[in-house]
Amino acid sequence: MNQVNFLNLDKNILIITSGGDAPGMNASLISLIHRLMNNNFNVFIGIEGLLGLYNNLIEPIKDKRVFDVYFNEQGTVIKTSRFIKLDINDKKTQIIKDNLLSHNIQKIIILGGQGSMQAGLVLTKMGFEVFGILHTIDNDFSETQMCIGALSAASFNQKLLKCLNYTAKAHCAFNLVELMGRECSWLVNNSVGKLKPILMLTNQDNKYTVDEVIDLIKDKINSIKEYDPLIIVQELIYDQKWYELLVKTFEQKLHKSLRITILNYLQRGAPVSDFDLQLAKDSANVLVDFIVNQNDIKNTNNMYVVINKFDNKLEVIKFNK
């Protein structure tokens, strides 16, 4: 598309997807585009997240239906990226500011997780009005009950773990499966479903040595009548060398085969659940209504983020930490 500059700053708004992708980003994006354009906003998109803003990959949306076919699709049609931590004194951050202002953009909506929200907070300190909708499979925001994408990933993991359980049993073997979650154990705990793993290791537990894990499994084999031959581990606790030593020691002391499966990006590409599709649509509507009805929030050094409480009621709160 050709670059188009609109003069009305109050009606120009940009949307980016940022950081790790999460199922439901497309649904949020498309819902936002429709709701914003129905309210006479000039909508821009940033291609490839913050990296795209740095590279001035900013384009206007001319047809609100342009991405409709991707509504149910995982990933993000406008792409995303990892980028440096923004800092108002950093040259690259200043370039992002200059690029946004060159398009007469003052309002920004960020779809992403923890790091993306922190980046948005930096942009508010540079004079921009920034809003966010939480998308992360880690579900690691204490302010909200559910982040978009988390339930999709957990549901998909349940299916994958069930498959791995079948094949492990078929070979009288055990399977250690590493799941994502970063510093939050929500995804691990909600990926198990009805399975009964012989052991689960999260960052809420002690960090065990290989011999300690072997002893734990021995005790459980002797004390538990029913279990599934799965060891579920949260990421960023143990490294590859630890896993390799565990495999070797497992065979030596338990006389069983241990397989290592790291699900990694399979979780990010999970099919989008009906729950996340609806949450994405509802969050977009609530945020746009907030933007339309709040004309006194300019340059407050606060970012505004959509959250849902335990009664699933959506609201917009200040995010300033």
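Cβ atoms are placed via backbone N, Cα and C, with glycine included.
Among the features that Swiss-Prot reports, active site, proton acceptor is placed at ASP138. DSSP classifies ASP138 (active site, proton acceptor) as coil under the three-state reduction.
Note on PHE83 (ATP binding site): other Cβ atoms within 10 Å of its Cβ, all shown chains, come to 21. For the recorded site, PHE83 (ATP binding site), the DSSP three-state label reads coil. Here Swiss-Prot flags GLY20, ARG82, PHE83 as ATP binding site.
According to Swiss-Prot, the substrate binding site annotation covers THR136, ILE137, ASP138, MET180, GLY181, ARG182, GLU235, ARG259, TYR265, LEU266, GLN267, ARG268. Cβ-based neighbour count (10 Å, all protein chains) for GLN267 (substrate binding site) stands at 25.
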Can you tell which of the recorded positions (ASP138, GLU235) has the fewest other C-beta atoms within 10 angstroms of its C-beta? GLU235
Spatial neighbour of GLY20 (ATP binding site) that is closest, considering only the binding-site residues GLY181, GLU235, TYR265 and their CA atoms: TYR265
I need the CA-to-CA distance for GLY181 (substrate binding site) versus ASP138 (active site, proton acceptor), whole Å please. 4
One finds that other Cβ atoms within 10 Å of the Cβ of ARG82 (ATP binding site) number exactly 11
Specify the secondary structure state of TYR265 (substrate binding site) as given by DSSP, simplified to three classes. helix
Measuring CA to CA, name the entry from the recorded positions ARG82, PHE83, ASP138 that ends up nearest GLN267 (substrate binding site). ASP138
About how far apart, in whole Å, are the alpha carbons (Cα) of THR136 (substrate binding site) and ARG82 (ATP binding site)? 14
